[in-house]
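Q: First, the structure itself, so that you have it in front of you.
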Amino acid sequence: METLRRSMLFMPGNSPRMLQDAAILGADSIILDLEDAVSLTEKDSARILVREAIKTIDYSAVEVIVRVNPLDTEFGAPDIDVIARVQPHTLLIPKANEDEIRLVDKILTKIEAEEGFPSGGIKIIALIETALGLENVFNVIKASPRTVGVLLGGEDLTADLGIERTKEGEEIFYARNKVATVCRALKVDAIDTPFTDTNDHEGLNKDTARGKGLGLTGKAAINPRQIETIHSVFAPTQNELKRALRILEAMEEAEKEGQGVFSLDGKMIDAPVINRAKRIVDQGVRLGLISGEGGAK
Amino acid sequence: MKNLLGREIPDYIDGYGQVKPFQGSFSNCGVKTRSAVKLTSVLPKDQKVLPSLDDLFDRLKITDGMTISFHHHLRNGDYVLNMVMEKLAARGLKGLTVAASSIFPIHAPLVKHMETGVVTGLITNYLSGPVAEAVSRGRLTKPAIMQTHGGRARAIESGDLKIDVAFLAAPTADTYGNINGVYGESACGSLGYAVADAEYANVTVAITDHLVPYPANPIEISQIYIDYVVKINSIGDPQGIVSGTTKITKDPVALIIAKRAAQLIKASGLVREGMSFQTGAGGTSLAVAAELKKIMQDEGVIGSFASGGITGYLVEMLEEGLFRSLLDVQCFDLKAVESYRDNPSHQFMSASMYGNPHTKGAVVNNLDIMILGATEIDLDFNVNVTTGSSGVIMGGSGGHSDTAAGSKLAIVVTNLMKARLPIIRDKVLTVTTPGESIDAVVTERGIAVNPRRLDLLEQLSQTQLPLMTIEELKQLAEKITGIPKPIETSEEIVAVIEYRDGTVIDVVRKVKD
């Protein structure tokens, strides 16, 4: 089953307490951060701490993503070399561009061979936070078959564009559209930029819904208190679930009778509608909203 | 000898006396007597107001070896205990026993009086700060006696704890000794912990900084118990008495624990019309109240009462109609003081009414749900809230044992690890509350239900809650923290832990330097 990535929680890589508790906060994925959350003087110790945390702490309930430093800094290469050897699920590559993703892929392939890990096991998420990265996002994703998603970094992107970042997010409308469309085209996850006011839950709710409405599949969080809101936006509603289940039931009936196209409540049901219904039911099962047999709980 | 919990306790302890071992939460109940009170009649011509503390002490004839008492409603803002002890020390008194319902860091000058022999005994329900440290290091001549809030009222009423003079800090007093805690610069609200002292001490003195014409209104403690009234400039620092607000924690781990605890409560079936609830003022405990509130609202349930030390958050729940009343032994913040003063549904209770096991029924007996803290829990669910991770005293039962024993569902909420130490141990260093009265332990990584509560386990197994055995929880923590080295203590007993019924549940031994 594919990894569910509704929420990705950033956790500073230099905080033992947060690393210890990261897995129990309810996020689908946790991003153990070696980049922006860690000051220059603590890069080495944070790298060791994150390595030991992955070795020691039971993270089996979550996807462990490590944000390494960019490869054009002195910290990027040692980050990958040390962290990949303890087999995190995924690396998050900042300021991603095509060449860098290709290079990371090569390094990972080498380490996996050295360590006897399955080749291609460690995945990549590209952090799109420059104008160039955004415009070239299709090729960035295509640069490695390991790439399972894109995370949009709204703060750095707007800085690169020389525009103001606002709570309403009008300025990243295009970026969200672009990332969502390309990711849907290449069938990878499209993760929205975090909402930075951690006390404004209504604002977070609106901002998350805005991203979901444009086709983004999940959202990054910078505080554990944001997770519940994000999940509530990305969860299918009871009505959506009921309708999806009815569509699949009708499909089974139609298949028995050998019909390719059929109608439900007077509306034509075709492949895209069926696929969408399957996605919703699949998510409902994974979230425990309905049982695996397809019956409502 | 060993008591019921297997704690090794001598039959006789120097400075304490013969030990009655703990034999189970309700084994020492049944027919009991209250002690008769010695008093001096006040005649129509008599005046109670004295011009100064010196005049008071000239009149009182306190002698070496007497027991004097204080309440802790002024908490870490209390000036009265220090002021009285200073005067008694200056008069050359020795061998006094201080029976204060709690001791806070502000009472640090007591350490000096312990070292000079002015104070040789200490009886209290909660001990923190420099005095706790000094007791733990063996600076007090006799072992300190640590009681519970209900147990202290019981001890006073039964005559086990005989008070020669009670000094009652009074935020408001009139000239004939009627007292309340709701007006004046040092208003603290309910005076629940002062009642037994007032009623049973041989001599009772009201010390106030807000003397009003007769009669004070309202009257919380009546003139019939008060011998003298003394006005001083200030009885306390309002900053240390009540906090302005009590805030719910933002700590994500504490919030997860709170949510789980609330789900457990819901699954237990106790969220129903007329339910009752108590929780402490700590961050996680208060967060449980917030989570429970959502459930009560969803289910449209109105509770009968919330009790204990009352916070603004419980006042909000009262005002929003989630409870019909509050039963208040102590106010924790200004909002609680105002509500207690102005809202008739916010009622007074004495410590005895709150938790004394030897009455015709304490409020804790009516309690459905109790949320408790812990510094350590062991595999038998015994809880330590008396000594900290270094073996030094840092608290005490307060109402912990009383509410755990009385309530239908006593839940301990705690982080599984604190400051890199696991909270669940094979044996706790000090037993404050026996495991038989703890029903469940809720942590961020799992919930353990006491095997004595098979009914609860059965109910919870129908839910998605992460149930584990207490052994599994312990292993989970130790996998991360390792097993800490045991604390080294000497043989010397520095404190005797009395259960609410007066039996000895444990002792605290001196920590090795």
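The count begins at 1 with the first shown residue.
The backbone N, Cα and C atoms fix where each Cβ goes, glycine too.
Model, not experiment: these values are computed from the prediction.
The domain 'HpcH/HpaI aldolase/citrate lyase' annotation in TrEMBL covers A:6-224. Residues or ranges marked as substrate binding site by TrEMBL: A:ARG67, A:GLU129. The Mg(2+) binding site feature in TrEMBL is assigned to A:GLU129, A:ASP156.
I would like each feature placed in context: is it buried or exposed, what are its neighbours, and how far apart are things?
A: Averaged over the domain 'HpcH/HpaI aldolase/citrate lyase' (A:6-224), the predicted model has a pLDDT of 96.
Non-local contacts of A:ARG67 (substrate binding site) by the CB criterion (under 8 A, 6+ apart in sequence, same chain) comprise A:PHE10, A:GLY13, A:ILE31, A:LEU32, A:ASP33, A:LEU34, A:GLU35, A:LEU91, A:LEU92, A:PRO94, A:LEU127.
A:GLU129 (substrate binding site) falls within neither a helix nor a strand when secondary structure is assigned with DSSP, and so counts as coil.
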Q: Which is it, of A:GLU129, A:ASP156: the one of these binding-site residues whose Cβ has the most other Cβ atoms within 10 Å?
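A: Per the Cβ count within 10 Å, the most buried is A:GLU129.
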Q: Please state whether DSSP places A:ARG67 (substrate binding site) in a helix, a strand or coil.
A: strand
Q: Taking just the CA atoms, what is the gap between A:ASP156 (Mg(2+) binding site) and A:GLU129 (substrate binding site) in Å?
A: 5
